[in-house]
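Handing you a structure now.
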Amino acid sequence: MPKLRSATSTQGRNMAGARALWRATGMKENDFGKPIIAVVNSFTQFVPGHVHLKDMGQLVAAEIEKAGGVAKEFNTIAVDDGIAMGHGGMLYSLPSRDLIADSVEYMVNAHCADAMVCISNCDKITPGMLMAAMRLNIPTIFVSGGPMEAGKTKLSDQLIRLDLVDAMIEAADPNVSDERIDAIERSACPTCGSCSGMFTANSMNCLTEALGLSLPGNGSMLATHADRKELFLKAGRQIVELCKRYYEQDDASVLPRSIGTFDAFENAMSLDIAMGGSSNTVLHLLAAAQEAGMDFKMEDIDRLSRKVPCLSKIAPNTNKYHMEDVHRAGGIMGLLGELDRAGLIHKNTHTVLGMSMGEQLDQYDIIRNQDEELHKFFRAGPAGIRTTQAFSQDCRWDTVDNDRVNGCIRNKENAISQEGGLAVLFGNLAEDGCIVKTAGVDESIWKFTGTAIVFESQEDAVAGILGGKVKEGHVVVIRYEGPKGGPGMQEMLYPTSYLKSMGLGKKCALLTDGRFSGGTSGLSIGHASPEAASGGAIGLVRDGDIINIDIPNRAINLEISNDELATRRAEQDQKGWQPANREREVSFALKVFGHFATSADKGAVRDKTLLK
């Protein structure tokens, strides 16, 4: 029978000092011997997705205490990618993921916690906590802060829905008036919560449902809705139940590595492909799999992308649907239900509710279960009132969206595309693969041959786009922006947004060893591996080279001979794989990250071989 980890610091005469300190935190005599459960919060006033989380930790803690556990809360950092975007702050975003994972490990192991409830929400916080959960392998439940309501404003006598990406694109268009930009800016982000489309934050929170590590509704229930409160309360109660099953009944099936198996990771990736989620999820799932000691690779993602169709298009891939619409259509359980009916997921994986995924779908899929209370849960909708308060409204749609022919979520027979929403491309430009979010690419340019125009940094690319250097037919190559080369693997939302604002969104392609915001759409290919700083062929491209992109055949190639490629490589080996004429201040902390970082195909995790 597993012994409580916390017994290390709470039992025995030699732990009298530790117990004295525990008592100083408020523990009573009868608390010793109970599981100590870490409530891992991420409240900050810097991030709208986290601004409402201040009281959530104590909400969960109270339920843990009622259920027979001892709750101890601590906080992690949280970076807002949208605020850090477009300047040096973005260099810190991806490294913060690993810092979060380490900080959770430090706190949990230093204090011998028995389990965790992870209160996450935005881009790098959920992945960082997921990496920690897989690393620590103690009972864990995720509960996120929830999505923001979609923005709404009246323009030209028409009510439109929008988000922060609309604000960025419109602001970059010189033909758009200041008045229109101001109206969009003030309406784009109306409430607390993670940005309202299927961007990275919401994609990752949805994926925790598919992994079985969060409760149904976690990825789609609005941050503002009163029903979301029950997810926090239930997480508090359920984590104590998981502790009992593991520590008292020796049931290891409740542990993260038993729930997040290879099959569960396939379920999560299949969901991501079906919903056209952020390409960043690939990076984070690969990283989490490595923490679990699992051999889940780019080739597995490629295999899944060839058989899983695109069943839903959500902002930024369309203006028609946002996360509130996904929830109305049955949320992630609805999407997984359609994948199940198509024979495309594993039903025998476990979930934190103590049932199989198949059993959970029987209970929570609105198509197979017509229970009135279930449908009421998924009718939870937006109020359209600006607020930073969680649980502040109780509005509901009149009906759920169960239209699987033309609705927000389709069945396989009526799929938006039989090609999935993400694809892995291989070729001499990316021998270890690169990622494109096909859900955001117009099918007319799935095959694209263009002329390379090369930039050594995101800043130079932005200047080139806005300065008119980039023309129709160009493949914009932005290199030395990978995990090692940046360092930090910046997101390229500004270059892609500016291409759209300049009328080049369907007339150009963009290739980078950096990554893209979940808000990106268009022919934007990221994660080119190996990256330039690690000797990748993207570092050998020259202005005027012809690049051939073939999404249907999953190929991307530089159209030069092998001999010419070898000659260029030999020349670059002599020069060193460094960006030319780039001025960038890099802090010591970022240099450390870059020194250890692997390329994107490995999840941009640290290279453990450097420590041997």
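Glycine residues also receive a Cβ, built from the backbone N, Cα and C atoms like all the rest.
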Would you identify which residue of D81, D157, D163, D166 Swiss-Prot lists as part of the Mg(2+) site it also attributes to D123, K124, E491?
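For the Mg(2+) site that includes D123, K124, E491, Swiss-Prot also lists D81.
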Between the Cα atoms of D81 (Mg(2+) binding site) and S517 (active site, proton acceptor), find the distance and write it as a whole number of Å.
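Between the alpha carbons of D81 (Mg(2+) binding site) and S517 (active site, proton acceptor) there are 8 Å.
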I'm trying to understand the geometry here, so how far is the Cα atom of S517 (active site, proton acceptor) from the Cα atom of E491 (Mg(2+) binding site), in Å to the nearest whole number?
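One finds 5 Å between the Cα atoms of these residues.
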Roughly how many angstrom lie between the C-alpha atoms of C195 ([2Fe-2S] cluster binding site) and D123 (Mg(2+) binding site)?
10
Where does D81 (Mg(2+) binding site) sit by DSSP, helix, strand or coil?
helix
If the Mg(2+) site is taken as the center of the Cβ atoms of D81, D123, K124, E491, which further residues of that chain fall within 8 Å of it by their Cβ?
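Same chain, not in D81, D123, K124, E491, Cβ within 8 Å: V79, A84, M90, S93, L94, C122, T200, A201, N280, S517, G518.
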